[in-house]
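Feature annotation from TrEMBL assigns pyridoxal 5'-phosphate binding site to 110, 111, 138, 139, 140, 141, 194, 223, 226, 248, 278, 306. Annotated domain 'Aminotransferase class V' per TrEMBL: 161-276, in sequence order. Positions annotated as N6-(pyridoxal phosphate)lysine by TrEMBL: 249.
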């Protein structure tokens, strides 16, 4: 990434390498000349945009499929033989997460990979059987933890420790997490958090939590769905035991894109796949169809079925863009500036309430004091410190239960601003450094202000 672009947030080094929906394409509420304006798309933490490189690669593979059919597995006009298609992305994924190539596998989907990893690493005993995680983790993770506890004969209510923020706070304190590990460590089999929490946008201190877990004899794993391609990581050096991720958010692989996993090489001799599949077999003899399974050393031995070629090359197109701009170093630098710029605009709003005052003015239990109805407002529940967040700001709309969030979300869409709604009260805005600009941030804040002003007028004059 050219250094001249680092501080000019109006210029994106990837330029026109991504497709943006226009206002007209995304919503029918913007007729006229503004209809052809591209959306201010701040939803890459939910689904990343389509890279033009990905579209071209997909079209190439469809042509190969149509002209070479099954022979595409072994002879490919572009050198991407399908039998080795995952090899095109593995080095790039390893670089993104700070791992050796043999520690990474491009495979499956997020929750399927999580179950595979828990089958290998969650080994409860009579005295050490608990799972420590953040409260209100992404539902799929919660379902996986619950079902794994039950699978081993434990009551989830007893086996799962969910940590919640202190009263009046929105994110977990690092010290509270470390204290909990120290206190309950002898009974904890697995510590597993999100790298970046999907709802609040909090970036957990991966290395510190991992070290604390290991000091108590616990296994430590991570769900990196919102972290990969968003924040820099060094999983190998941090001694993380395992991690899983999806690729359709910041990695822009497309809806339902292929997932991935990491297993530290210290486990290579100890962890054999419990649910072995054909694609995890030694590729030298894989097509000889031997009866005995011979696992590929490392994470790739956990592969089961051959990966989707179309899903993999869609991911490859985006990863090539990552590589061209220098991967996470320069992208993180730009992300800090861009997210900070969005935050600086938001806190200037007359409707903004600082997080430390939000609970005082708008109690979490919804109780109102006095006789005057509380006016609409919002706070930012994502940590202010750059080292504790990625490219996301979560806006909590106040007062709770007012349905203001939905009205504001709809208003933003009517202005071509695309964020992400999380019921009942939160809108997430994610300025992805790979393709967003300061103008996207400005459009979002202007529309937000206008929407809140419109809401206040309607409340004051309900007729």
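Just so it is clear, glycine is given a Cβ too, placed from its N, Cα and C backbone atoms.
Keep in mind that TrEMBL annotations are predicted by a computer and have not been checked by a curator.
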Please report how many Å separate the Cα atom of residue 226 (pyridoxal 5'-phosphate binding site) from that of the residue listed as 'N6-(pyridoxal phosphate)lysine', as a whole number.
-> 7
Write out how many residues of the domain 'Aminotransferase class V' (161-276) are helix, how many strand and how many coil, based on DSSP.
-> 27 helix, 26 strand, 63 coil
Round to a whole number and give the Cα-to-Cα distance in Å for the pair residue 194 (pyridoxal 5'-phosphate binding site) and residue 249 (N6-(pyridoxal phosphate)lysine).
-> 14
Tally every other Cβ atom lying within 10 Å of the Cβ atom of residue 138 (pyridoxal 5'-phosphate binding site).
-> 18
Ordered by sequence, the long-range same-chain Cβ contacts of residue 110 (pyridoxal 5'-phosphate binding site) under 8 Å (at least 6 apart) are 140, 223, 225, 244, 245, 246, 259
Once the chains shown are all counted, how many other Cβ atoms turn up within 10 Å of the Cβ of residue 194 (pyridoxal 5'-phosphate binding site)?
-> 22
Largest pairwise Cα distance, Å, within the listed pyridoxal 5'-phosphate binders 110, 111, 138, 139, 140, 141, 194, 223, 226, 248, 278, 306?
-> 31
Would you mind ranking the recorded positions 226, 249 by how many other Cβ atoms sit within 10 Å of each Cβ and giving me the lowest?
-> 249
The number of other Cβ atoms within 10 Å of the Cβ of residue 140 (pyridoxal 5'-phosphate binding site), counted over all protein chains shown, is 15
Rounded to the nearest angstrom, how far is the Cα of residue 138 (pyridoxal 5'-phosphate binding site) from the Cα of residue 249 (N6-(pyridoxal phosphate)lysine)?
-> 14
Across the domain 'Aminotransferase class V' (161-276), what does the pLDDT come to on average, as a whole number?
-> 97
What number of additional C-beta atoms lies within 10 angstroms of the C-beta atom of residue 278 (pyridoxal 5'-phosphate binding site)?
-> 13
